[in-house]
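S.K.: One structure, as structure tokens, below. Some questions next.
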């Protein structure tokens, strides 16, 4: 798949309740999460990113397209729905705003795996990562149906789709994948991320 066929979508509509502050703007190694994510996505995609957020004023200085959830408070599935609604490309790559260690090489590898599938979703240690995933526009109808039936969980949707569950530990990408899939939801997670930067040089 050509990178020009895929729109990067940053899901930033959550409440950050476990962190206690907006995760997108937490500083790490001198850059906020959102700036780190935007920089990494720019290394992969030619189409401009879309940030799905219900606080657009917070992002005005970034000069990036921001759009609201169509159904606020309905969880990650609503963010994916909005990603399709506000883009015209046949594919979207959706990532959470709490993933500051994105690895462009791993994302590019994921894009090569979509052929013949509706979605490519990493799976590590039995955990699925629907907010670090590639989705074909063929998923849009199933997402709409799930939301109409008040099913906000993205993982429940996957059972209705032809999904490539990508297990990076079985590939040469496993170390990059481990970094890319690191999400920071709590103060303890943030302390771990800061330690990663300090002790491993992970940027």
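Yeah, the Cβs are placed from backbone N, Cα and C, and that goes for glycine too.
Automatic, uncurated: that is what TrEMBL annotation is.
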S.K.: Looking at the GTP binding annotation from TrEMBL, with 69, 98 already listed, which candidate in 23, 31, 127 is the matching residue?
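M.R.: Between 23, 31, 127, TrEMBL records just one in the GTP site with 69, 98, namely 23.
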S.K.: Quick check on the binding-site residues: of 69, 98, whose CB has the lowest count of neighbouring CB atoms inside 10 Å?
M.R.: 69
